[in-house]
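Student: My questions will all concern the structure given below.
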Amino acid sequence: MKLAYYPGCSLDGSAIEYGISAKRTAELLGVELLEIEDWNCCGATSGHNTNKLLSLALPARNLALAEKTGLDVLAPCAACYNRFRNTEHVVRHDRKMQEKIAAVIEMDYAASNQTLSILELIVNKVGLEKLREKVSQPLKAMKAACYYGCLLVRPQDHTGFDDNEDPRSMDLIMQALGAESVEWSFKTECCGAALATSRPDVGYRMIYEVLRNAREAGAECLVTACPLCMMNLDMRRRGVEKAFNERLDIPVYYITELLAIACGDSPRDVGVHRHFVEAESYLASLPEKAARIEAEEAARLEAEQAKKAARAAQAKKAAADKAKKKEAPAAEAAAKAGEEKKAAPAAEAAATLAEAGDKGNKATPTQAQAVAPATAEAVDEGALQKKINAMIKAWEKSPEKVAARLIEDGERAAILAQVVSGDEKKTARLAELMITDKDKAAKAAEAFVTGELKKRQKAQES
């Protein structure tokens, strides 16, 4: 696969480590990148607020240069990606604006090519299965909050590759790399962008809320695909901590850095040592932590096997006792008869019964052992899906009652019921989590409610 590559200003300047790891990611996944010749700044972040035509012409020039090569474009920077997709949308739907843009850039541009984000490239073009094949040192024991920010998935009619309220692409990538992605409610909230410079009282609060929410959700690190988000969450960390008098020791990584590391590269190979907030020690701690978790899991499985063995022994003893009770009447009858000739057949019959009991006794645990795996498999495959389907029906029939099982607060539970009603995707997700992991279901429910309340608040403010 070949793609035109647009690094943008950040990947050639303040986010060099993102550029290094993005190129390495492409190399690992078999994607050839051809940097657009004589590219210019895309105009982010304020160009579209000062001059609409200029804000479209700047990205259009880059896209027109790429269009001449016949290649789609990879723009790892979320801001560049957003401006490119916006320009493509305008050119495809506004003929007059297309002509104005062509006059400014002095090139024809028909938006025949498409811009990809790094997430879209990995999930939709390369595929998660191929990614899993490349992983050589999985990120076991990592608990990551995937932070999409406000530009990668909005507006959805321009981007369209993921859900704009509950995106999953970065989460799926992290899971393919062996990490755990936590459920949290700030995954698409704005980091404050340039407000950290122009209005630090506002910008720092937005940065703080993202970091705090991730930590409270159980995350041990943050993952992003946006240089501006990285700058705010990483470079401005100490300023935020000072402003709120609170330590927020949670490292931040680019998704491409972690992908390269999981595929065998060292953290320094992809620039992790360049971060402002120290991020190498957390990565170094993962193998020991993973070993401890595996040991605990092995101990748990051993304890379960011991319990099964104890139950099997009890069943064997019960069968033996039952066989003895069957022998007793025959032996007693033979003794009372007092006739040796009759006693011999009776004893033989009792022995036969004992042998039959022993055989039945031996068969029981063997049968139980044979049935156990099949039962477990049936639960994993059939019964589990039946439970999930039943839970989906419960949501559809009585959303308020099911919502109350996840959220004690009646008002928030009612909001959850409203959010889920009619949304098949959210219904299916909560139903699956309620069957497989109730804690995650509760966190996801809270995240949905928090997101809905934020939307309502923004609607009122506007």
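Glycine too: its Cβ is placed from the backbone N, Cα and C atoms.
Note that the coordinates shown come from a computational prediction; the quantities given were computed from them, not determined experimentally.
From TrEMBL, here are the annotated features:
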DOMAIN    4-84  domain 'Cysteine-rich'
DOMAIN    145-234  domain 'Cysteine-rich'
REGION    317-369  region 'Disordered'
COMPBIAS  318-329  compositional bias 'Basic and acidic residues'
COMPBIAS  344-355  compositional bias 'Low complexity'
Student: In the domain 'Cysteine-rich' (4-84), how many residues does DSSP put in helix, strand and coil?
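Tutor: Secondary-structure composition of the domain 'Cysteine-rich' (4-84): 46 helix, 8 strand, 27 coil.
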Student: Within the domain 'Cysteine-rich' (145-234), what mean pLDDT does the predicted structure show?
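Tutor: Averaging the confidence scores along the domain 'Cysteine-rich' (145-234) gives 95.
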Student: Would you list the DSSP helix, strand and coil counts for the residues of the domain 'Cysteine-rich' (145-234)?
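Tutor: Breakdown, helix to coil: 37 helix, 9 strand, 44 coil.
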